[in-house]
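Here is the structure we will look at.
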Amino acid sequence: MCVTHCDRRASIFVVDELEPFESLFWVWLMVGTCVCGLFQSLYFPCRHALATCATASIESEPYMHLVYMQEVVFKVYEAEFSPILNEKLWME
C-alpha cells in the first residue's frame, strides 16, 4: 500500500493498494470517508486512512468515533447490571 497523492491542505489523499489486485482509494480525512466505504460505515479509520495518517505523520485517533475510546468503554461498565431473574426471558 502506497500513498501516491497528498493534499494536506484539502486533506485529500490517494492510496494505491497493490495486493490482491491494484486499486486506487481516495481518502478524505477531514470528512472521514474513503471510497472503500469502511471509514464512514464503522466511524473508524480503514486501512487506507491509517496508511494516509502514517505517511503524513498525522495522529489517527482524532478520526475515531468516541465509542472506540477506552474511557467511553469503561464508563459502560461503571454501572451495575442487574441479572434477569425470569429464566423465560433468557436467550437460548
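In case you wondered, yes, glycine gets a Cβ from its N, Cα and C as well.
Where the annotation comes from TrEMBL, it is an automatic prediction and has not been curated.
Here TrEMBL flags 25-57 as domain 'SWIM-type'. Away from its own ends, the domain 'SWIM-type' (25-57) comes close to residues 1-3, 6, 8, 10-17, 63-65, 67-68 of its chain (Cβ-Cβ under 8 Å, at least six residues beyond either end).
Here TrEMBL flags 25-44 as transmembrane segment.
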Requested in this report: Pull the DSSP breakdown for the domain 'SWIM-type' (25-57) and write it out as helix, strand, coil residue counts.
Outcome: 15 helix, 6 strand, 12 coil
